[in-house]
Amino acid sequence: MSVQLCVDLSDRGYPVHIGQGLLGQLPDLLKEAGFLGRLMIVTNPDIAGLHGNRLLGTLRSAGFSPELVLVPGGEAYKSLVTAGHLYEDLSKKQAERGTPIIALGGGVIGDLSGFVAATYQRGVPFIQLPTTLLAQVDSSIGGKVAVNVGSLKNMAGVFYQPRMVVADISTLSTLPIDELRNGMAEVIKSAIIGDAELFAFLESDMPRILNREPEALSFIVERSAVVKARIVEQDERDSGIRNYLNLGHTFGHALETITRFEMKHGAAVAAGMAAAARLSRLLNLLSGADNDRIINVIAAAGLPGAFDAGARSGAFIEAISHDKKKTAGKLKFVLPAGIGNVIIKDGIEPNEAIEALRG
Ligand SMILES: NC(=O)c1ccc[n+]([C@@H]2O[C@H](COP(=O)([O-])OP(=O)(O)OC[C@H]3O[C@@H](n4cnc5c(N)ncnc54)[C@H](O)[C@@H]3O)[C@@H](O)[C@H]2O)c1
Ligand SMILES: O=C(O)C(=O)C[C@@H](O)[C@H](O)[C@H](O)COP(=O)(O)O
Ligand SMILES: [Zn+2]
């Protein structure tokens, strides 16, 4: 069983296929989309061992000529230095302007190889094969591709939509449990932004999700992907409603920065969403009951709900000042106003943010 969503962006629109075992159907999906011949599959050595080598066999049997292009794993390698190595590898392999770059992996591989796909020879076709929960529900959709600059998140990037997303839910069976939890942060985010029914499912069925029951995973991936696709369709370049997808991220990105990526994106966003809920409660924009529901679902997913910046408060204030939503020097925070409803608020002082984060 698989479903197909469409991200409707006129001539840049594309399908998102979601289902069990879909990597086995990749040759047919590629042919349907008009791809033939050589393919550059960017991944890391761990994912290559778990899923890449089998994928190479599937593609070769169907007449494609795929090649693996390896990068080291980890957020620190989502960098201009790694992008530079990728440009060199692609040139050595004689990749041409029509040769697709395929990202096989999580958000790090997707963001990095999408950035390279957008810029190598001024742009080559890009395909996303997300293998983490986080990438299937969020990062593979929407075309934000970027690298970090030092430890500042996503500071160099572009909007470059993939030509197709194929989310094979069975790849999640090999994902470490902490990475499944990290992905849950973006699922919870999607539910708070725009799907109260999904939020209720998270409250009732978290054990089934964490046990990786296929039906529960399919449900949360599909519903989160729909939230993301519908927002991206309305505001591809993040000048308005797409800001909502940054719920928890003003805090979260700063936490990734000050911990030098020791804290993973999902965990940092979870702590950031809890802080946003507390801040919203304090400002009387969120009911006590909804604040509790948000805090409880984050805890049920096994994600952090607070962070004490302590001696790193100065570094936190410096990091938060680089938030990309800042306008005319003013920080903007996305705050929950209910379940399925968020608002944008400015005028919040960094010290108030630190307090809310402490819990
Ligand atoms: N572009 C966007 O819209 C967007 C959205 C959300 C997050 N992001 C970015 O995504 C990144 C985080 O992505 P992530 O959480 O997927 O982390 P990740 O890409 O680092 O992957 C997490 C770990 O899981 C491993 N892995 C991947 N697939 C696996 C599998 N099937 N089985 C076993 N191990 C597997 C990876 O090797 C890695 O060690 C951050 O850089 C974040 O900024 C981007
Ligand atoms: O797609 C979006 O828009 C998002 O904000 C999704 C986020 O989950 C993601 O982490 C994104 O990379 C953040 O973008 P940034 O512009 O704040 O760097
Ligand atoms: Zn995110």
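One-based numbering along the chain as shown.
Including glycine, each Cβ sits where the backbone N, Cα and C put it.
Copied over from TrEMBL, here are the features:
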type: BINDING; residues: Gly107, Val108, Ile109, Gly110, Asp111, Thr131, Thr132, Lys144, Lys153, Thr171, Leu172, Ser173, Thr174; note: NAD(+) binding site
type: BINDING; residues: Glu186, His249, His265; note: Zn(2+) binding site
type: DOMAIN; residues: 69-181; note: domain '3-dehydroquinate synthase N-terminal'
type: DOMAIN; residues: 183-326; note: domain '3-dehydroquinate synthase C-terminal'
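A simple way to gauge crowding: the CB of Ile109 (NAD(+) binding site) has 29 other CB atoms within 10 angstroms, across all the protein chains here. A Cβ distance below 6 Å to any atom of ligand 1 is met, among the binding-site residues Gly107, Thr132, Thr174, His249, by Gly107, Thr132, Thr174. Residues in the domain '3-dehydroquinate synthase N-terminal' (69-181) partition by DSSP class (helix H, G, I; strand E, B; coil) as 50 helix, 32 strand, 31 coil. Highlighted here would be the binding-site residues (Gly107, Thr132, Leu172) whose C-beta falls below 6 Å from ligand 2, but none qualifies. Shown in sequence order, Glu75, Gly107, Leu134, Asn182, Ala185, Gly252, Glu256 are the residues of the chain, 6+ apart in sequence, with a C-beta less than 8 angstroms from the C-beta of His265 (Zn(2+) binding site).
Sequence-ordered, the extra residues of this chain that approach the Zn(2+) site, with Cβ no more than 8 Å from the Cβ center of Glu186, His249, His265, are Leu134, Asp138, Ala185, Lys189, Gly248, Gly252, Gly266, Ala268, Val269. On a Cα basis, Ile109 (NAD(+) binding site) lies 17 Å away from Glu186 (Zn(2+) binding site). With respect to His249 (Zn(2+) binding site), the closest of these binding-site residues in Cα terms is Asp111, chosen from Asp111, Thr132, Leu172. Of all the binding-site residues given, namely Asp111, Glu186, the one with the smallest number of surrounding CB atoms inside 10 A is Asp111.
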